[in-house]
Amino acid sequence: MFNSSQFTPKYFLLTGFPGLEAWYPWLIFPFCFTYIIGIVGNTLILAVIRKNSSLHQPMFLFLAMLAFSELGVSASTLPTVLSIFLLGANKICFEACLFQMFSIHSFSIMESGVLLAMSVDRFVAIYNPLRYTVILTLPRIAGISVILGLKSLLLMFPLPFLLKRLPFCGHNVLSHSYCLHSDLIQLPCGDTRPNSILGLCIVTSTFGLDSLLIVVSYVLILYTVLNITSGEGRRKALNTCVSHMCAVLVYYVPMISVALVHRFMKHAVPAVRLLLANIYLLVPPMLNPIIYSAKNKQIRQGLIQLFLQRKY
């Protein structure tokens, strides 16, 4: 591996929870539970929306996109997380690490974009309910899904190649159970400024801009709701946004927590930073199907019908 002081690593070493190796046989249970709930829950959401033609409406089609992106995040992190905690295997080859990094960030960018699209969907439904299905037609929704998918792929496409061109001369140990760009960019000894600048531009133009536009959408929604004269009408309008607001909080609160810990608590216990990072990537795919199943009557009825059909 070391032809000189600079080298290209054959593999990276992933990190579980340092100092808690003896607890791995027990830690595997909450991780498996989280993955099972997330994967099964999002798969059921997709199956219900696909099977029921009455759910082929803008709100539920955006929900299907959210479920798909969350399945992608879960599938991207699953192999390395389980291999560490279940098998004790923490090696990942260089190319596989780059692919995992690309997959995780691409699906995360797509998830953020879908949450923005869902907030716009809620604004259109409340501001102009009579023209809701005219404005958000099926071709337009299909176009939005293609744009979100292409945006996430094209934005992330250069990063693996920029990393692969760099020489490495330090250690090859990553600080998470999966490969992230913020981890990998710390290891090369070459000029990483193009990687850092592009990474900052991607974060700003996706997560930063998406979160800002979501806030603007809810300010407009609140302004529209306050102009409704009927108290019952205001309650019903806001009630349609509850599930989406929960999904936004579940997604962005852990992300902001991870950013704050990395920025202002660099000397915090590593287990705390690792726990927050795992919560950010693993908990939203688990909670969102539960939130939408509990708060949305049509999804709940669709799940019941799906289970009854399987039974009989």
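Glycine is treated like the rest: Cβ placed from N, Cα and C.
Taken from TrEMBL, the feature domain 'G-protein coupled receptors family 1 profile' applies to 41-292.
Annotated transmembrane segment per TrEMBL: 23-48 (among others), in sequence order.
The feature transmembrane segment is assigned by TrEMBL to 60-86 (among others).
Here TrEMBL flags 98-120 (among others) as transmembrane segment.
The feature transmembrane segment is assigned by TrEMBL to 132-157 (among others).
Same-chain residues lying 6 or more positions outside the transmembrane segment (197-226) and placing a CB less than 8 Å from one of its CB atoms are 105, 109, 112-113, 115-116, 119-120, 122-123, 126-127, 151-152, 155-156, 158-159, 162, 181-182, 185, 234, 237-238, 241, 245, 248, 252, 255. According to TrEMBL, the transmembrane segment annotation covers 197-226 (among others).
Per TrEMBL, transmembrane segment is recorded for 246-265 (among others).
Annotation source TrEMBL lists transmembrane segment at 271-291 (among others).
Highest Cβ pair count under 8 Å relative to the transmembrane segment (132-157), across stretches 23-48, 60-86, 98-120, 246-265, 271-291: 98-120.
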